[in-house]
Amino acid sequence: MERWCGMAVVVLLALSVRWAVSLHPYSGAGKPPLFGDYEAQRHWQEVTLNLPIRQWYFNSSDNDLQYWGLDYPPLTAYHSLLCAYVAERINPAWVALHTSRGHESPAHKLFMRATVFLADLVIYIPAVVLYCCCLKETSTKKKAASALCILLYPGLILIDHGHFQYNAVSLGFALWGVLGVSSDRDLLGSLAFCLALNYKQMELYHSLPFFCFLLGKCFQKGLKGKGLGLLVKLACTVAASFTVCWLPFSTEREQALQVLRRLFPVDRGLFEDKVANVWCSLSVFVKMKDLLPRDTQILVSFCVTFLSLLPVCTKLTLHPSPQGFRFALVACALSFFLFSFQVHEKSILLVALPVCLVLHEIPFMATWFLLVSTFSLLPLLLRDGLLMPWAATAVAFCTASTTCFPLWAEASEEEALRLGPFCKAARRCVPQRRLVLLPCMLRGLFLASVTVMVLLTLMTVTLDPPRKLPDLFSVLVCFVSCLNFLFFLVYFNIIIIWDSKNGRTQKKVN
């Protein structure tokens, strides 16, 4: 009873924060002709309600793809259609073909905010609560504390309830998938992840860890016995879920190809806007977009991404474990974010989710990463007028994390940082005195990182950039964030590769 009362308080607090953020402006409010992501979601409701399915992804006089054309998988389109049915019942003008373009009103804003709120409440929040309740060897208070910190993560709140998107749907399905495969409910977990992948194609960031973890389970059971049966069942589950989602678009070959072209628009280039990944940061010094043809850019980004994923995926396949799976989700998603082709700044949420899942295991490093990820979204959120919610949610998250976890104390211990096996191996080559200083170096890097982020935030907010360099502060934010992310990529690869016990003696999800 005490556990559920604590979780109820956590959920109510999380919902209150989300509702408070939703009272602020949304993306593109009052900024014609394209407005922003809010108008994109509304326009998809207009298109899916008024046009037959075969026209949803095709350019026509009724569906101008240059004006927020659908570019997400079928499950997103079905969700838009569901919302459109409700919107039409309330006020048909909200989703009227052509005439509703750019519609803005207090009543419509309330409706749209409520749809995000409901998606969060139905899909994402229950998954977080169940995940934290299933943590082994953790007290009731620690479970509630973990749930509080995860649900107060500023990035997801600000993008979904401020900027306006439905990331909680795909991330929630992905989390249900993690719960399923981590508790040996592999078919249900695979089904949940297929739903996530069919809602947003960016869930490909998490696909390799799911594949390698399940394949490793099949190898463990033996491909001549139970393992082969599990592999066949998993293949049938994936095939069936994709068939159901894509059935309306599979009647004609060109129909399916057009959907795929919309999902993977290579014409948009190596990266979009100011994103804290390697290619955007390198563009400050080397204009790869101009230097290399697009096909070469795709090949280079694929090769670098694949090579950065290879060690982690190999380790997970050969030695599958729930803990190794969670850390592999972090490392693989971060590799995709840093090196893959056509990355958005909001894609950092795909890395933040698995980091939230290891928050109870490495609270110091996870909190640090989540703060950097929130900082990397600053240029986007400033354009939306969300500075105050950004600052308030960041402070709330920091307060919750420092209150619930002994961050600074854990930062002084090799084992708490999960660097024990690495340090033991490194002592053969490096003098012991230098390795003793490793936790101190990490704390120093943390202080330097936070100091730079605070100073850069103050400069961005209070100073005007030079006329010749109007994007100076945005580029600096991306560059600093990228350096932090590269450091975290190295860190997570170290603890995965040097974890010789594969998490057997660590806390696991039941």
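Every residue number used here counts from 1 along the chain in the order it is shown.
A Cβ is built for glycine as well, from the same backbone N, Cα and C atoms used for every other residue.
In TrEMBL this protein carries:
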| type | residues | note |
| --- | --- | --- |
| SIGNAL | 1-22 | signal peptide |
| TRANSMEM | 110-132 | transmembrane segment |
| TRANSMEM | 144-161 | transmembrane segment |
| TRANSMEM | 230-249 | transmembrane segment |
| TRANSMEM | 298-318 | transmembrane segment |
| TRANSMEM | 324-341 | transmembrane segment |
| TRANSMEM | 348-370 | transmembrane segment |
| TRANSMEM | 390-409 | transmembrane segment |
| TRANSMEM | 435-460 | transmembrane segment |
| TRANSMEM | 472-498 | transmembrane segment |
Taking contact to mean 3 or more CB pairs closer than 8 A (sequence separation of 6 or more), are the transmembrane segment (144-161) and the transmembrane segment (390-409) in contact?
yes
Does the transmembrane segment (324-341) make contact with the transmembrane segment (472-498) through 3 or more Cβ pairs under 8 Å, each pair 6 or more apart in sequence?
yes
Per Cβ pairs under 8 Å, the stretch of 110-132, 230-249, 472-498 packing most closely against the transmembrane segment (298-318):
472-498
Using a Cβ-Cβ cut-off of under 8 Å, list the residues of the same chain that are 6+ residues beyond the ends of the transmembrane segment (110-132) and lie near it.
7, 10-11, 14-15, 18-19, 22, 26, 38, 41-42, 83, 86-87, 90, 94, 143-144, 146-147, 150-151, 160-161, 164-166, 168-169, 171-173, 175-176, 178-179, 356-357, 360, 509
